[in-house]
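Peer 1: The structure follows.
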Amino acid sequence: MNHQQQQQQQQKAGEQQLSEPEDMEMEAGDTDDPPRITQNPVINGNVALSDGHSNAEEDMEDDTSWRSEATFQFTVERFSRLSESVLSPPCFVRNLPWKIMVMPRFYPDRPHQKSVGFFLQCNAESDSTSWSCHAQAVLKIINYRDDDKSFSRRISHLFFHKENDWGFSNFMAWSEVTDPEKGFIDDDKVTFEVFVQADAPHGVAWDSKKHTGYVGLKNQGATCYMNSLLQTLFFTNQLRKAVYMMPTEGDDSSKSVPLALQRVFYELQHSDKPVGTKKLTKSFGWETLDSFMQHDVQELCRVLLDNVENKMKGTCVEGTIPKLFRGKMVSYIQCKEVDYRSDRREDYYDIQLSIKGKKNIFESFVDYVAVEQLDGDNKYDAGEHGLQEAEKGVKFLTLPPVLHLQLMRFMYDPQTDQNIKINDRFEFPEQLPLDEFLQKTDPKDPANYILHAVLVHSGDNHGGHYVVYLNPKGDGKWCKFDDDVVSRCTKEEAIEHNYGGHDDDLSVRHCTNAYMLVYIRESKLSEVLQAVTDHDIPQQLVERLQEEKRIEAQKRKERQEAHLYMQVQIVAEDQFCGHQGNDMYDEEKVRYTVFKVLKNSSLAEFVQSLSQTMGFPQDQIRLWPMQARSNGTKRPAMLDNEADGSKTMIELSDNENPWTIFLETVDPELAASGATLPKFDKDHDVMLFLKMYDPKTRSLNYCGHIYTPISCKIRDLLPVMCDRAGFIQDTSLILYEEVKPNLTERIQDYDVSLDKALDELMDGDIIVFQKDDPENDNSELPTAKEYFRDLYHRVDVIFCDKTIPNDPGFVVTLSNRMNYFQVAKTVAQRLNTDPMLLQFFKSQGYRDGPGNPLRHNYEGTLRDLLQFFKPRQPKKLYYQQLKMKITDFENRRSFKCIWLNSQFREEEITLYPDKHGCVRDLLEECKKAVELGDEASGRLRLLEIVSYKIIGVHQEDELLECLSPATSRTFRIEEIPLDQVNIDKENEMLITVAHFHKEVFGTFGIPFLLRIHQGEHFREVMKRIQSLLDIQEKEFEKFKFAIVMMGRHQYINEDEYEVNLKDFEPQPGNMSHPRPWLGLDHFNKAPKRSRYTYLEKAIKIHN
């Protein structure tokens, strides 16, 4: 709240010593209108400071400005004359300035009432907007007569630049403070006191290494508890030593989890700044950080240690993780009446403790080992002894040196059908004796444990913040690790403050509490926390990590200096050979020689460097920058080395980066003899490129380039073309100018000069020639013009099989002028099938996957199908191979359903009945696709199932158009049993049978139809059910049977009940309601998630 607002309540000094905060009174200062600091000499403040540290923390820091808490006072003289805001001098806590702010407060609606405004201000004069600091404080007005009667109120607030003060507008009534009888004012002086406890600030220059000796981990965002877990494992020093000793010399630096863990540990040990973890999570093989959001710290800890343990096998540190974290327990079941006991020994690496309804960790351990009575309906199956009353429990055989305790704060709530967080108070001690929970104790080595780490979560089940409090040396000196910020803290902050539950001072529900604890066995403390020095880190690992750092620093420097440089891409003439497209080369396939050049370096300097690198003297090379023309082509253009030699590279490139240059060189065979490039007169000469087209092979052949005068006639070039192509002289040639894609002009007149024969003659123009041979007419593409037209329409299309997930497909080169049948024919040849047995699908525009199917009579072209793809985007279509011709298939519909075979097993099938047909047609299609039983009726029926219950049987004449699929229901086809083909409607009935366990809405398994007879004993019905389900007698004895109607169930007395068909008929007047059904109440031994639900993926490290 803003301290300028008027308040509606007034606090009386004598009512309480420590008041509770009231929302309408606890306020933030007005940052838009900061209080004016009065300079009147009549009013002044005297500050009295006292160090709030306890004796145990005196050695935390010599520089008290970095302390975590302090008490300071501010005495306001001539208090009765106070008319404006006044601030105390600063008191530094966490190296931030804290001030007391006092002001009189008036109320427009109550002019005769006045109160004292009392606020705590933090870092108000900073210009930064990124800082924040969470603090708790007690604001107090001192009673000079009796300190016990001093009036105080408590605040808790996150201070930041917009809310840099917090407190109370009406801390006390003015009349109460100024009443001499109350003891708050003496000689017109009032003393204000603040005790403040602050967390380490964020967004300021906080040096964790300097103040604690440790550094934090950067927050990647969405990594939740990982930083807390990594710090916990890092300070398990014996584990850290073992991780360093893992051989990783040959590991891939981006995929090796041990190497990534070594890197994080090494940097935590040696860095002065927060350490990044992106390389570690990348080594897990995770593309996103979603895994952190879906799972808990126990799962990550378990899979991470499992991964490292597996990779320690066969090394000098094999067995380290079991040695540190593994304990043993025995699960037992002891029968009461017979001599039968079942024991199962198990290893464990952590213990999950229930905290709901438990006061402390001892009660949770008692609950963990509590004996469960197996009696009544829950008797134990003791084999040949049958069902017996028994006791079930666990006992700890051994406890590990490092004990991980998972506190079950996150639990599933069946009432709300979601996970909730339990914020109840739960106490845990600094020293934990556990001998009483061991089956056998060792007097020489009692199971006494010292608290080493407290992992804490603030927030609710949907999100929050994670920190860890660590006792690094096991000596009771605690630090708080809050991502990148590490700070000293008191033992109370680390332990008592994280019990959870109610805060006695603030009367608000604590959502900050411990969810995992790490204890170390006292006898193993020195071994587990043994010092880790540089001598414990293999030299080759140090060298590798330091080399990584050097390379990263070099790359960082390059990025910082990148704006000073540009790239020059050199393309040599050999890259033009074999090119079958427009222009001189394919930009996506060409291999450049790349130079990193200072933008301000001169052309002459670059040419000199280029000459040395390429191994040609400067008179044997010439530069031709590739210039984009207005018609979309890219051709070489003249660059005058002499005239432009002093110009800068960025100037000549016209800010193009990268800048591509064609490098012309002397023929390497002639270079050794000292040959130089011929002179080129830029005003009178032109450079042309020559290509020869061969209609027989439908291919282009690069024939080099020539210098020729602009006035030269076309006919004068014919001998050069014949020579370059290997034709005999005077061979009749047809010439074309390659103007741009899809525009190739024939040159008709050979007796005119180049500037008249070619359109807008320029350096880099291309002449394409071919033999004038009548046999060319037999070629599919007889002329260069038709070749380039075909090339313009040519497109590579990826065809993927729709039925194969993530199918990479195959590439076919097609013309975008092709129609549907031409495309189908080409693809069918590739697949060695009939074009009529293929169906094609468009690609979805918004995601990579098949879209709507194409009809076989589609009248558009391939260009129409691909028009929504971007120019450089891979073109993709989908197909599926059919078992019937597409003309027949298009008149059918796809119908997914479940087939229940004669072994009472379900399988998903897809049928293709006539889309205008009925259920009878669907059943006939099913007969073709499945195998029917040998001793069955040969007749099929279609059932509709919702929530594992049969809700109806569809008639054979019902139209398929009326059966629309939905995610909530399933269609099942099954063969009608012989005993259900003919039903005596007067005395018999088909009823629905479904499985459930305790709650009738929790159905599961395979429902079925059962024939019952009027008046038959229910034991006969049970025999048919047992035979159908093929269940052993002992298991079937556990089944209970109920008639379920309208969500309510009534259990059947199996020995007395005789079937009454009316019990399974709808109630009169409620014929629209579902029929009653027979429920089989038993435990669901099948996996809890069905094929109809999305499977939740387990957290997994892939590398």
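Cβ atoms are placed via backbone N, Cα and C, with glycine included.
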Peer 1: Could you check Swiss-Prot and say which of SER19, SER150, SER254, SER630 is marked as phosphoserine?
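Peer 2: So the answer, going by Swiss-Prot, is SER19.
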Peer 1: Per DSSP, to which secondary structure element type does LYS883 (SUMO2 cross-link) belong, with helix, strand and coil as the options?
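Peer 2: Assignment for LYS883 (SUMO2 cross-link) reads coil.
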Peer 1: Looking at the recorded positions LYS870, LYS883, LYS1085, which has the shortest Cα distance to SER964 (phosphoserine)?
Peer 2: LYS883
Peer 1: Within 10 Å of the Cβ of LYS1085 (N6-acetyllysine), how many other Cβ atoms are there?
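Peer 2: Other Cβ atoms found within 10 Å: 8.
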Peer 1: Have a look around LYS883 (SUMO2 cross-link) and count the other CB atoms within 10 A of its CB, chains all included.
Peer 2: 7
Peer 1: Just the number: how many Å between the Cα atoms of LYS870 (N6-acetyllysine) and LYS883 (SUMO2 cross-link)?
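Peer 2: Given the Cα positions, LYS870 (N6-acetyllysine) is 34 Å from LYS883 (SUMO2 cross-link).
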Peer 1: Round to the nearest Å and give the CA-to-CA distance linking LYS1085 (N6-acetyllysine) with LYS883 (SUMO2 cross-link).
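Peer 2: On Cα coordinates alone, these residues lie 40 Å apart.
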Peer 1: How many of the residues that make up the region 'Necessary for nuclear localization' (71-206) does DSSP mark as helix, as strand and as coil?
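Peer 2: Here the numbers are 14 helix, 78 strand, 44 coil.
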Peer 1: Around SER964 (phosphoserine), how many other CB atoms lie within 10 A of its CB?
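Peer 2: SER964 (phosphoserine): 7 neighbouring Cβ atoms within 10 Å.
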Peer 1: Which number gives the other C-beta atoms within 10 angstroms of the C-beta of LYS870 (N6-acetyllysine), all protein chains shown included?
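Peer 2: LYS870 (N6-acetyllysine): 7 neighbouring Cβ atoms within 10 Å.
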